[in-house]
Amino acid sequence: MVMVMALMLSLSCSSFQSLHISCYNPIPSRRLTLFQLVTATIGIPQTQSQFFGAKGSEFFQVSETNVASVKDQNLFNWVQNDNRRFLHVVYHVGDLDKTIKFYTECLGMKLLRKRDIPEEKYSNAFLGYGPEDSNFTAELTYSYGVDHYDIGTGFGHFGVVVKDVAKTVDLIKMKRGKITKEPGSVKGSSNTIIALAEDPDGYEFELLERGPTPEPLCQVMLQVGDLDRAIAFYEKALGMHLLHKRDNPEYKYTAATMGYGPEDKNTVLKLKYNYGVKNYDKGNGYVQIAIGTNDVYKTAEAIKLCGGKVIREPGPLPGINTKITVCLDPDGWKWAFVDNVDFLKELE
């Protein structure tokens, strides 16, 4: 009996790391197979032996849970250290040339590339303030024959840094653009001047008066039904950092800013929770934000572990072989992750 106990303890300890049972794989592991083989060989019933009774089963369950926890933590550590940045935001427009004209003439963006895909009946254009390999861009998509989209109530706005808000507003008015908020101080701050404008499709742009920045297309704002839940998901599953959070009880909302680097140098995500509002209509205009990653497969695994929904399993896109994965956050906002190396190849 002593020899049996020694044999089983040796087996369980030496096999602990390499032969553990995955909680996500229903196929028996090698360790379990060896356990069954040994108990059968020496004549000990697997479910009723005195040595491997209830406490023995609990030992294996706890051990396997610990190994899974270590593996999961290693994955989340990888997420935090992954090379991530916002690549582009995708949304639909009803008149591609008209929107390009507004962005270039009124907002000072550059047309980086434009392509037509007649076999799939759509065209798209990429605009921004710098090259795609280093700057955040807007990917505008026009579907043949569709001239109007419903933006919904969940999308908030895009943020653009300008040198002089008042002059930008005057320019937009001269080009017959729509200003929805005249230049003025931000509520609660006398130092930041902003204004709000709408593009030809009704997407709102917040114009922020700031000093020079390497990323003028500085933010995307989305509204969520549970701010703390959203923050936790973006931190753990997507690897973002909470830059700041502010409650505004007088206006009945709380806002959080998240991203992959300092707000003055990087594009950030603004999340807004309006008191008592749990659900929003997302419409059919806004599509998603794309994020670069070194490994779409690990990215998808981490998202699943955090309760996110992967709606496109990781793998290469047909035709161009760029590896991507697509997920939904707890509020239903869509996020695409693109392999960093493959993305740069697309730009060659």
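Cβ coordinates are placed from backbone N, Cα and C, and glycine is handled just like the others.
Under 8 Å, Cβ to Cβ, and six or more positions away along its own chain, Glu206 (active site, proton donor/acceptor) finds His157, Phe158, Gly159, Val160, Ile194, Ala195, Leu196, Gln219, Met221. The active site, proton donor/acceptor feature in TrEMBL is assigned to Glu206.
As annotated by TrEMBL, Zn(2+) binding site applies to Glu139, His157, Glu206.
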Surrounding CB atoms that lie within 10 Å of the CB of His157 (Zn(2+) binding site), all protein chains: 20
Count of other CB atoms lying within 10 Å of the CB belonging to Glu139 (Zn(2+) binding site): 21
